[in-house]
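These notes are about the structure you will find just below.
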Amino acid sequence: MPPVLPDFSNSVKLKYVKLGYQYLVNHVLMLMLIPVMAAILIEVLRLGPEEINLLNSLHFDLVQILCSCFFIIFIATVYFMSKPRSIYLVDYACYKPPVTCRVPFATFMEHSRLNLSSNPRSVEFQMRILERSGLGEETCLPPAIHYIPPTQTMETARVEAEIVIFSAMDSLFKKTGLKPKDIDILIVNCSLFSPTPSLSAMVINKYKLRSNVKSFNLSGMGCSAGLISIDLARDLLQVHPNSNAVVVSTEIITPNYYKGNERAMLLSNCLFRMGGAAILLSNHRSERWRAKYHLVHVVRTHKGADDKAYRCVFEEEDKEGKVGISLSKDLMAIAGEALKSNITTIGPLVLPASEQLLFLLTLIGRKIFNPKWKPYIPDFKQAFEHFCIHAGGRAVIDELQKNLQLSAEHVEASRMTLHRFGNTSSSSLWYEMSYIEAKGRMKRGDRIWQIAFGSGFKCNSAVWKCNRTIKTPTDGPWADCIDRYPVHIPEIVKL
Amino acid sequence: MPTMVAAAMESPVWGQKLSSVVPAKVTGDNKDFELTNMDLAMKLHYIKGVYFFQSEAVQDLSVRDLKEPMFQWLEFSFTTSGRIRRSETGRPFIKCNDGGVRIVEANCDKTIDEWLATNDNHQSPDHLLAYNQVLGPDLGFSPLVFVQLTWFKCGGMSVGLSWAHILGDAFSASAFINMLGQIMAGQIPSKSFQVHNPKKSESPNPSIPGKPFSLKKVDPVGDCWITANNRKMETHCFHVTAKQLHHIESTTYQPSQIDNISCFEILSAIIWQSLSKIREDSGPRIVTICTNDYLKMRENEMPTNGMTLSTVEADFSVSKGEIVELAKLIAEKRMPENGLIEELLQGNEEGSDFIVYGANLTFVDLEEANLYGLKLKGKKPVFVNYTINGVGDEGTVLILPGPEKEGGKGKIVTMTLPEYQIEKLKNILENDWNIA
């Protein structure tokens with residue numbers, strides 16, 4: 001039909017214009033260099049070979065030559081010394097819960113009805129949340145939560161911690177060939193379970209780590225603590241040369257299953273599931289060849305100065321004295337604000353020049369000409385090949401997909417991780433990376449953006465670059481089910 | 001819930017902890033499993049089976065060792081992990097949503113031998129070892145199967161299976177629990193389970209058109225599937241040793257008369273006659289017989305209600321007749337009613353509720369059931385008892401295979417009858433037949 005064709009040709013034209021613009025701006029330096037090189041070449045050809053006798057024409061003597069050499073060597077040394085060390089992610093291992101921990105929807109709902117028998121409205125609420133949650137039928141809860149009522153004691157919490165952490169660490173040792181004695185730095189993050197001695201002490205005791213290991217235990221820092229741990233590891237690895245750092249990210253569910261009726265607090269019961277990951281980072285130059293990724297940027301944004309953001313994820317007692325984590329209604333709005341803040345910082349670091357220029361121009365335009373212009377949202381798809389958005393819940397992923405204008409394939413890793421494993425808090429980013437690898441999509445040079453949100457309210461990002469094309473792994477949490485994915489997740493699952 | 005010391009004084013079984021076990025693999029797509037009319041006829045009844053193991057069989061077996069194989073076990077007969085839902089017409093079906101099986105862990109203050117020796121005049125305490133299951137009032141969230149693991153003071157353990165009859169009959173229940181032992185021993189069934197398609201009424205005798213006598217309509221139960229009794233019922237169980245059986249057989253009839261009469265028929269005849277002697281109306285004249293005629297092998301099959309329900313009418317005075325005549329009547333003149341039951345329930349649009357066991361005095365033949373097939377660490381249970389809950393006022397008698405002893409197996413007779421009948425019946429059986 002005649003009306004359609006012009007539209008089509010218009011959009012094609014627009015696409016080529018856009019591509020042309022991007023190429024031009026991103027390679028402007030190279031493009032400027034070409035005429036310069038051409039000019040020099042023409043000059044050289046014109047002058048002829050006899051006149052090219054630079055050494056003679058410059059009239060240097062020995063002292064000047066030596067000084068110049070030393071100067072060059074000095075500059076080079078200063079440059080190499082002050083360059084930050086490269087941080088390599090050698091490998092990581094995610095915990096795969098056994099089938100004995102599996103919790104289908106029907107079982108979860110039944111247990112809820114029995115545990116909350118005095119308040120059927122809370123049960124109805126949980127059912128509605130579960131139907132729309134985006135979780136699948138294979139997510140897992142620790143053994144203590146399978147009891148009616150759950151057997152929440154210090155002992156059962158420790159049992160869960162041991163199962164998850166030791167399993168992930170054993171997996172990591174096997175994959176990387178790392179010996180426990182070679183661990184120089186150990187960082188464990190688990191937000192809601194913080195016993196004494198700490199979980200990092202538990203790891204040191206189990207694996208008999210060295211007495212001068214630098215251990216840290218981060219608690220209370222929410223779902224974004226995984227990237228905080230990575231940031232801490234990076235800073236430590238700058239100071240300590242030739243070191244290995246192991247980061248363990250997990251969330252222990254057993255002590256935190258909410259037993260009351262408050263709706264804002266019941267939400268976390270529906271979404272949080274068992275999971276954990278152990279990551280090996282190193283600054284050894286020799287790891288350059290076998291490391292999977294290297295760390296490019298970590299950007300941390302904290303909105304805690306704002307009272308509303310501070311209180312939006314708050315652990316407190318309900319009217320009956322039962323402790324739970326209350327999620328406020330403005331969570332999504334605050335998350336959006338935190339994301340904007342984070343993007344503003346990370347944008348200039350990662351976006352190609354073309355996008356930055358457009359953003360700058362629109363910003364100037366809005367300030368000077370017309371504030372009603374739509375703000376230009378930079379196209380982050382130009383900066384990254386893969387996105388790992390913390391699988392905090394379906395709403396979070398939907399919101400980010402909308403804000404960053406991502407396609408379904410970009411958020412596939414996040415959605416499928418939410419479906420298969422639930423919200424495993426700080427370790428979910430690693431399950432997502434594992435998904436991308438399992439699908440064979442991780443190629444050398446790919447850039448990955450990990451975004452996590454957490455209580456506080458924090459938005460943390462990490463940017464990794466893939467060091468070598470990764471073959472589809474035969475082990476790992478997705479090995480037995482990757483062929484079934486991606487699955488279509490219905491809007492509402494009928495229970 | 002924390003154990004209460006006071007309760008331990010009253011009940012020897014204490015410290016119950018509930019949890020759930022689900023199939024290891026997702027059943028997928030929330031399959032809907034249709035129930036046959038025979039299944040629906042049995043919906044108000046519950047089977048309880050208790051298996052006693054001495055300590056050698058369960059030494060070093062922790063709760064985890066018992067629970068872990070259960071996940072794989074439930075993959076096979078996935079209907080047992082489902083839940084009852086109603087279709088638009090109100091007809092119940094099973095939604096295979098992996099709700100799972102409920103596990104109860106409990107402790108007991110007695111030893112196994114002390115428990116088995118308790119042959120008291122009160123209600124058989126075995127009911128404490130299998131959870132008292134009722135489907136409803138929250139019908140869609142009631143487990144169809146409970147498994148209770150009770151540890152005894154001597155280190156022995158009992159496995160108590162509570163099974164909703166709507167899923168299948170006692171043969172299916174027994175095959176189901178036996179499979180757990182097989183999986184624990186590493187024998188995984190290789191093929192997936194067949195669903196048995198019930199053949200339409202296979203009665204060799206032309207069935208008389210009309211209503212079945214083995215079914216009785218009860219007041220609507222709504223979503224709470226248990227019927228109330230008008231009389232207080234009691235359960236009593238006793239062992240008839242092989243020697244006693246032999247003695248009975250030799251005294252009641254000549255070898256030439258034996259033909260196709262089994263122990264079940266003899267024992268049923270004895271109990272029928274003894275009961276009619278103590279009842280004022282010299283009844284009952286009609287009894288229901290429940291036998292397993294067509295589906296011998298239940299291994300590797302989905303649970304089903306495949307037993308044949310028949311009625312027997314005595315046209316002579318039961319209390320005065322010969323045992324052998326009565327036994328022959330049961331063996332040869334019983335009228336299968338499965339076809340009639342199917343028809344009645346097919347046309348049951350108003351959704352009436354029925355009971356089968358106890359509608360008339362019912363005798364259930366479980367002689368061929370492989371009750372001792374559940375093996376833990378290669379050891380058989382030392383004793384197995386089955387009872388039926390939700391029995392009507394006329395009562396039910398189950399004839400089970402006995403445990404292996406020198407001299408042979410013998411039979412176990414478990415009777416659920418009105419309280420006032422049990423005492424008198426026991427007297428007659430002891431005096432006349434030297435059993436009970």
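Positions of Cβ are set from backbone N, Cα and C atoms, glycine also.
If you look up TrEMBL, you'll see A:21-42, A:62-81 marked as transmembrane segment. Marked as domain 'FAE' by TrEMBL: A:79-367. The active site feature in TrEMBL is assigned to A:Cys223, A:His302, A:His386, A:His390, A:His419, A:Asn423. Annotation comment: TrEMBL describes A:385-465 as domain 'Beta-ketoacyl-[acyl-carrier-protein] synthase III C-terminal'.
Here the Cα atom of A:His386 (active site) is found 19 Å from that of A:His419 (active site).
Per-class residue totals from DSSP over the domain 'Beta-ketoacyl-[acyl-carrier-protein] synthase III C-terminal' (A:385-465), listed helix then strand then coil: 34 helix, 21 strand, 26 coil. Between the CA atoms of A:Asn423 (active site) and A:His390 (active site) there is a gap of 8 Å. When the C-alpha distances from A:His302 (active site) to the active-site residues A:Cys223, A:His390, A:His419 are tabulated, the minimum falls on A:Cys223. Remote same-chain partners of the transmembrane segment (A:21-42), defined as residues 6 or more beyond its termini with a Cβ less than 8 Å from a stretch Cβ, comprise 352-354, 357, 382. Geometry remark: A:His390 (active site) versus A:Cys223 (active site), CA distance 8 Å. If you take the C-beta of A:Cys223 (active site) and look for same-chain residues 6 or more apart in sequence within under 8 angstroms, you find A:Ser191, A:Glu251, A:His390, A:Gly392, A:Asn423, A:Ser425, A:Ser426, A:Ser428, A:Ala452, A:Phe453, A:Gly454, A:Ser455.
Of all the active-site residues listed (A:His302, A:His386, A:His390, A:His419), A:His302 has the fewest other CB atoms within 10 A of its CB.
Computed over the domain 'Beta-ketoacyl-[acyl-carrier-protein] synthase III C-terminal' (A:385-465), the whole-number mean pLDDT of the model equals 94. Taken residue by residue with DSSP, A:Cys223 (active site) is part of a helix.
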